[in-house]
Amino acid sequence: MSKETKAKSIIEPRVLKGFRDFLPSMEIPKKAITNNLEKHFRSYGFVPIDTPILEYTEVLLGKGGGETDKQIFHFKDNGERDVALRFDLTVPFARFLAQHQSELSLPFKRFHIDKVWRGENPQKGRYREFTQCDFDIVGVDNAEADFEILSMMDSSFSVMGVQNYQFCIAHRGLFNTFLAHLGLLEMSVEILRTVDKLRKIGKEEVQKLLHELTGEGEKANAILQYISKEDEKEPFLTTLDRLTALAGGENPHSERMRTIYSYLHEAGIEEHFTFDPSITRGLDYYTGIVYETFLTELPHFGSVCSGGRYNDLAGLYTKEELPGVGSSIGLDRLLAALEELGSPIVSSASSADVAIFNTDVKHFSHYDRIARVMRKDGLRVAIYLLNKKIGVQYKWAETNAIPFAVLLSEDDVLSSTLTVKNLRTREVHNALSIEAAIALIRKSTRRLTTLGGR
RNA sequence: GUGGAAGUAGUUCAAUGGUAGAGCACCAGAUUGUGGAUCUGGCUGUUGCGGGUUCGAGCCCCGUCUUCCACCCCA
């Protein structure tokens with residue numbers, strides 16, 4: 001084949017809009033986060049499940065269709081079946097529950113970390129293929145389960161090493177009670193959708209829209225009063241009291257919120273939770289608490305973790321009523337946000353804890369012996385495999401964010417000692433025993449690697 | 001899906017319609033000799049892709065792809 005024809009036969013390497021490759025610098029922190037989350041979910045007694053990425057379109061959309069709303073990827077398979085890629089993990093989970101009821105014992109607590117697909121137009125932090133980290137409790141409708149999910153959200157963020165976030169909570173049921181009090185319950189869906197825009201378009205615009213919707217300025221004002229807090233820092237219970245009064249007095253929903261808050265307070269984590277009555281969530285299956293999570297430094301990035309309570313999740317697939325509460329972390333959006341913030345979680349992805357430099361290839365077996373001992377001790381060890389000058393090896397280690405280098409002089413080889421250099425501080429430690437070297441590396445990497453890729 | 005903006009070397013950015021350039025990065029060598037300094041030399045581009053206008057297009061026009069922004073929805 002001539003050079004020319006060969007060049008022409010090359011297929012342009014490219015990926016679809018909204019789909020992405022992950023280089024090690026992103027995949028390392030992503031894997032570190034999912035590993036930590038999985039461990040964390042299991043520590044709460046949650047179990048993993050898996051479901052197919054492809055389902056019957058009917059299963060994902062319900063009989064009615066409404067595919068334009070979901071912007072779902074769907075097509076005919078080779079057997080002419082109408083199939084679709086899952087657009088979240090909750091709907092397949094509902095199908096899963098209906099199908100395996102008899103094999104599961106309630107309450108059932110599961111987590112599921114995997115990719116989902118949506119045919120939306122991409123933007124920053126918004127993709128057509130992205131990973132969700134879901135955790136749900138099914139078969140319980142009480143404040144204790146609600147609290148456990150909220151508490152797990154809070155500890156998840158701390159396990160992921162993320163700081164400066166705020167959980168915004170509201171209660172769909174309480175809002176509907178309020179709307180019923182106003183005689184506007186039939187319009188609930190439209191009103192909720194409008195109210196949800198408060199954060200984006202502001203009070204005046206929302207009021208205008210509500211006025212058009214209800215046809216009555218007075219009712220529009222009442223709704224506006226419900227959803228807007230006097231100031232950002234209005235305490236949780238003050239908001240709750242205010243909303244309860246507007247909804248016509250204490251009711252099961254307000255009492256539920258009160259109990260949940262008391263648990264948050266007892267656990268000492270209440271400062272991360274705000275009562276934000278403008279949070280409604282678009283999905284109509286929510287019936288109880290709903291929440292969204294914003295990074296305080298990047299509120300316009302959108303929610304990085306949201307969910308709520310649904311009292312009849314699997315209703316499409318079974319007559320049995322299955323109440324549940326759950327939450328979903330948007331991992332790709334979170335990573336994009338952390339990257340934008342220059343977070344060390346993203347920028348410090350290292351391939352190894354220590355590099356063994358190839359100072360003389362005739363000692364390769366000796367390097368390998370040292371590497372084996374260190375690995376047995378849990379360190380990540382990379383031997384430099386090319387016979388290049390030392391400056392190049394330093395540069396390589398630096399590019400891969402490896403914090404330590406082992407260099408062996410002739411004396412070291414003879415006396416079975418190691419020279420260890422901290423590549424960040426450039427501090428050199430001579431004539432160490434292998435145990436001392438391991439201890440040294442351990443000591444200063446432990447703090448960094450809790451999130452760094454194990 | 002609809003509307004708007006932008007796409008030039010690995011990267012950050014230049015280039016009145018007239019020979020595509022600079023810094024950083026990278027590679028080789030010298031010097032150093034358990035690195036980042038210095039010196040010398042070098043490489044990198046079908047200006048996203050495909051058409052059109054023109055004697056001549058990175059620049060103008062049309063289409064297309066991708067990214068970013070808005071609507072919508074959301075993670």
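Note: Cβ is positioned from N, Cα and C throughout, glycine not excepted.
Listed in TrEMBL for this protein:
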| type | residues | note |
| --- | --- | --- |
| BINDING | A:Asp88, A:Leu89, A:Thr90, A:Arg118, A:Gln132, A:Asp136, A:Arg281, A:Tyr285, A:Tyr286 | L-histidine binding site |
| DOMAIN | A:33-338 | domain 'Aminoacyl-transfer RNA synthetases class-II family profile' |
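Features as recorded by TrEMBL, highlighted on the structure.
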| residue | record | DSSP (3 states) |
| --- | --- | --- |
| A:Asp88 | L-histidine binding site | coil |
| A:Gln132 | L-histidine binding site | strand |
| A:Arg281 | L-histidine binding site | coil |
| A:Tyr286 | L-histidine binding site | coil |
Residues near A:Gln132 (L-histidine binding site) by Cβ (under 8 Å) yet at least 6 apart in sequence within the same chain, in sequence order, are A:Asp88, A:Leu89, A:His112, A:Ile113, A:Asp114, A:Lys115, A:Val116, A:Ser328, A:Ile329, A:Gly330, A:Leu331
Among A:Asp88, A:Leu89, A:Thr90, A:Arg118, A:Gln132, A:Asp136, A:Arg281, A:Tyr285, A:Tyr286, which the record lists as binding L-histidine, the farthest-apart pair of C-alpha atoms sits at a distance in angstrom of 21
When pLDDT is averaged across the domain 'Aminoacyl-transfer RNA synthetases class-II family profile' (A:33-338), the result is 90
Within the same chain, the residues at least 6 apart in sequence whose Cβ is under 8 angstroms from that of A:Tyr286 (L-histidine binding site) are A:Arg172, A:Gly308, A:Arg309, A:Tyr310
Cβ-Cβ distance under 8 Å, sequence separation of 6 or more, same chain as A:Arg281 (L-histidine binding site); the residues meeting this, in order, are A:Arg172, A:Leu192, A:Asp196, A:Val290, A:Glu292, A:Ser306, A:Gly308
A:Asp88 (L-histidine binding site), Cβ-centred 10 Å count of other Cβ atoms over all protein chains shown, is 16
For A:Thr90 (L-histidine binding site), the same-chain residues 6+ apart in sequence with C-beta under 8 angstroms from its C-beta are A:Asp134, A:Asp136, A:Leu313, A:Gly326, A:Ser328
